[in-house]
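Undergrad: I'd like to ask some things about the structure below.
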Amino acid sequence: MSSPSFRVAILANFILDDTGGRPMIDKITQLIRQSKPDAEINVYAAIEGDTLPDPETKDLIILTGGPFNLLKDERPKWVVDTLEYLKTVTAGPSKPKILGICWGQQAIALALGGALGKSDKGQIVGIADIPLTPEGTKFFESPSLTIHKNHEILVTDIGPHLLPLALNNEVLMSKDGQVLTFQGHPEMDSVLSRLFVASDNPVLVGAGSDSGLKPIDSPHDGEIIFERIVRWASPETAHS
């Protein structure tokens, strides 16, 4: 008897037909299927009115990046619903793994009692080398990760339920191991990143001498990171 498929929900926090929307979903799907070819992957866009999935039917719930500014006091219903959903799923009896990417990390941090702020560097675009904490080094079996970045908002307070796996809250994990988040974009490559870059100015794409970032066509660890994500989220390797 075959084992059940690896069940994944992608919560898209952007309009799917906006620039880069469907290519981003396609890239996440591709990265998952490199490790789990038979994965059952469904996309839910609360921003377009979709109902968020029953967590008991999922092994992994992925919150994508998105354009809505979570520092705003007034939040649309879909954002409020997403934050409440995160509180419910992390407190409930079913424990699917939850992955947050960029906006997804920020939403998870807010839902779990953390706080956000703006980067004093402005919009950060490029590829960064992220030093890991001892816990992060053990989890990823590496002292650092190289990852795409494209954000201005960041987590300033991780709250009571999250632990840092990298310096500057770049990677977080919940104390119970259910939640893993990245401020960067492990799903991005240079083609996808270029869709979200508004200018060819080399500073904006990581080539500026003072940026500390590499250009978006530099090598990165996206595939390695996603392989580790899938292994972490898979029921048969949930403790590895």
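Using the three backbone atoms N, Cα and C, a Cβ is placed for every residue, glycine included.
Note that the structure is a prediction, hence the values are computed from the model and not measured.
Heads up, here are the entries from Swiss-Prot:
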type: ACT_SITE; residues: Cys102; note: active site, nucleophile
type: ACT_SITE; residues: His185; note: active site
type: ACT_SITE; residues: Glu187; note: active site
type: DOMAIN; residues: 13-205; note: domain 'Glutamine amidotransferase type-1'
Undergrad: What average pLDDT does the predicted model assign to the domain 'Glutamine amidotransferase type-1' (13-205)?
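TA: Residues in the domain 'Glutamine amidotransferase type-1' (13-205) carry a mean pLDDT of 94 in this prediction.
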Undergrad: I need the CA-to-CA distance for the residue listed as 'active site, nucleophile' versus Glu187 (active site), whole Å please.
TA: 11
Undergrad: What is the number of other Cβ atoms found within 10 Å of the Cβ of His185 (active site)?
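TA: Counting Cβ neighbours of His185 (active site) within 10 Å gives 25.
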Undergrad: I need the most crowded of these active-site residues: Cys102, Glu187. Count other C-beta atoms within 10 angstroms of each C-beta and give me the top one.
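TA: For the active-site residues Cys102, Glu187, the Cβ with the most other Cβ atoms within 10 Å is Glu187.
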Undergrad: So, three-state DSSP: helix, strand or coil for His185 (active site)?
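TA: It is in a strand.
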